[in-house]
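J.: TrEMBL lists these features:
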type	residues	note
REGION	1-27	region 'Disordered'
COMPBIAS	8-18	compositional bias 'Basic residues'
DOMAIN	27-438	domain 'Kinesin motor'
BINDING	Gly114, Val115, Thr116, Gly117, Ser118, Gly119, Lys120, Thr121	ATP binding site
COILED	560-629	coiled coil
REGION	674-700	region 'Disordered'
COMPBIAS	677-695	compositional bias 'Basic and acidic residues'
REGION	713-778	region 'Disordered'
Amino acid sequence: MNFPVCNRKGKTPRRPPKKPSNNQKDPVGVYCRVRPLGAEDEECCIEVISNTTIQLHAPDGLKANRNGEFKETQYSFKKVFGIKTTQRELFADVAKPLVEDLIHCKNGLLFTYGVTGSGKTYTMTGSPGQGGLLPRSLDMIFNSIGPYQAKRYVFKPDDKNGMEVQNQVDALLDRQKRDSQTSVPKTPTTRRIDPEFADMISPEEACKAGEVDEDSSYSVFVSYIEIYNNYIYDLLEETPFDPIKPKPPQSKILREDQNHNMYVAGCTEVEVKSTEEAFEVFWRGQKKRRIANTQLNRESSRSHSVFIIKLAQAPLDADGDNVLQDKSQVNVSQLCLVDLAGSERTSRTRAEGNRLREAGNINQSLMTLRTCIEVLRENQMCGTNKMVPYRDSKVTHLFKNYFDGEGKVRMVVCVNPKADDYEETLLVMRFAEMTQEVEVARPVDRPICGFAAGRRQRNQAFKDELTHRLEERGGPVDGESPTVLNQLLQSFHPLPPCEISGPNDDVTLPRLIDALEKRHKIRKLMVEEYNKTGKITLLRAQDSNLLSKENFIQEQRGRLGEKDKMIQNQKNEIDRLEKKSKMLEYKIDILQKTTNIYEEDKRSLQHELESREQRLQREMSEKRRMETRMQGIVTDAKLKWEKECERRVNAKQLEMQNKLWVKDEKLKQLKAIVTEGKTENRQPQRPSREKDKVPGEVFKTRGGGQAVQFTDIETLKQENPVAASRKRRSSETGPDGEPMERNWTNVETRCSVAVEMRAGSNLGPGYQHHGYPKRRKP
């Protein structure tokens, strides 16, 4: 065995460099499985178009889009499995290639994805008579490597995601220790297992891998963990039961091994030797898994479960009898089968308390998975180098190596066709479509051991021949009995005493003769054995020549196999490119249809824009005509009012001139009255006038009446009625002793009346001025 060399200064040894990346990449294989409806009268929203395409129909009661209707969307997958697909057909297309890669030292990751109640757990686990992907994978592994399994405890985990090889003595001691523990039952072939898994797979459905390296020994280790509320728990961990104060399970942590692969530190790894034993280990962990009853699923998984199958294999030594005691020659491959918890909406499940917290953590981890896929897709398609947030969730952090090129990745999208899950199914389809565009580096083939092939067969042939020879001679048949040479050596007895006691001693010589005869017989047998050994040497020489020829043939076959692999890879690449071309043509067709729709919308919008522009131009021309018309109206009104103002100003000037003239005339008359009043006769003389004669010019007013403009001033005198009543007072005299003068009307009264008549333009058309004012009442 190789022992590690410690550094002198206690420094941490330098980590080995990462494995060289492979330039060849394969897309993530995404498959779709449609489960049957729960009831026949339920509305269906999914239709299987072909074996690679499905179509989604919007249910009737869902809110429509802006055009008033939902468009039917189609999604393509690597393969679509309808409601009539059996578990055997699903396994043959999805998981069987991963199991074959596992036997050929390549890793694989297979996980189921979908909304709650879409059939993920049934697809992974199955039911009695209809075993799922997990039990069928285990059955195929043991059917393939059954005759080549190593004895228990020959391979032993080193707690650092690696394997150690123990010698036969240490393995035997560990087996004896296990057998002495009554708490750990043995694994007989007739063991009674749980009825849940008793009839998972019928014998006629059993399958095995095509090519298995017969010159290697194999051992299978399984572990079962769950990720609950973003914490990792070991479902196979044996904890002592305390009914008074039970201990809660302890969460595990993730670590990185020397090859930069992530693993769960301290996780229990159980070595299993049969399908039944593996079923029992799985069922033991399944009973500890957290499930709950929700509105949408009676047994809803509340955590992500991960079942890890590790296959350790190492070549046999040159004799083909024991496992080669070299840790560097041990190859460990693993297949991870992941049952992701379903995404759900709390508004539909009506979750509260712990269920609500569980749903939040489930949705958050699935959202982190989508984010990682989006970043990987963007980095590959756009050439960016963004950091993928693997560490945001335990699920993505645990499987980051698979997306970095440590194995194949395949996903089974489970969908429920009922109309109530339409919106959630639409999101799942978009995620699946995006995942198909992510490419993962193809795993590199492991180096092949340099020993000659066929060692196990030759060793078995030698043992069979030896057993046949022993049977012919009546020797032991058990393969574990000593060889012929050891038997001969053990048959030598010491010579009896040779001293003769006397001449009559008849016992010593016969006894010595008998012993020598036995030794002579043994010598003959040894000579025969030596001759056989010489023949065996000759056979070995011939066998070495045959081996050299076989090695040459094997090399030629290896080269031919490489050529065949290269041709197959090229064919696969051509098929992938053809599928990609078909997908791109389909997308181009969809984009062309979308472009046509947009072109029609564009033409309709342009037509509407042109009509609106024409309407706007008509409105603008109408507005300009209206402005021109209003400007003309305003100009006419302005001219009219200017003339009216000029006329009114002239009339006002004439009126003011008349008033001034009237005042001048009044002043003259007052002066004449003052100077002539004393000399004139005080008897009033009524001036003569002609009937209906107006002393002035008559003109029409705006109101339709007539006005008079005086050209002469009349002096009118009239007796005041009040003064007439005072005639009785004739005796009264004035201050100078003369009788008092009568009270006549003033000239000013006559002039003011005339002016008022001239100024009043609102008189009616029937008015006629007679030259005299109306008499006022006293």
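Placed from the backbone N, Cα and C atoms, the Cβ positions cover glycine too.
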J.: Would you please pick out, from the binding-site residues Gly114, Gly117, Gly119, the one with the fewest other Cβ atoms within 10 Å of its Cβ?
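T.: If we count Cβ atoms within 10 Å for the binding-site residues Gly114, Gly117, Gly119, the smallest count is at Gly119.
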J.: Counting across all protein chains shown, how many other Cβ atoms sit within 10 Å of the Cβ of Ser118 (ATP binding site)?
T.: 28
J.: Over all shown protein chains, what is the count of other CB atoms within 10 A of the CB belonging to Lys120 (ATP binding site)?
T.: 26
J.: Around Val115 (ATP binding site), how many other C-beta atoms are within 10 angstroms of its C-beta?
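T.: Counting Cβ neighbours of Val115 (ATP binding site) within 10 Å gives 22.
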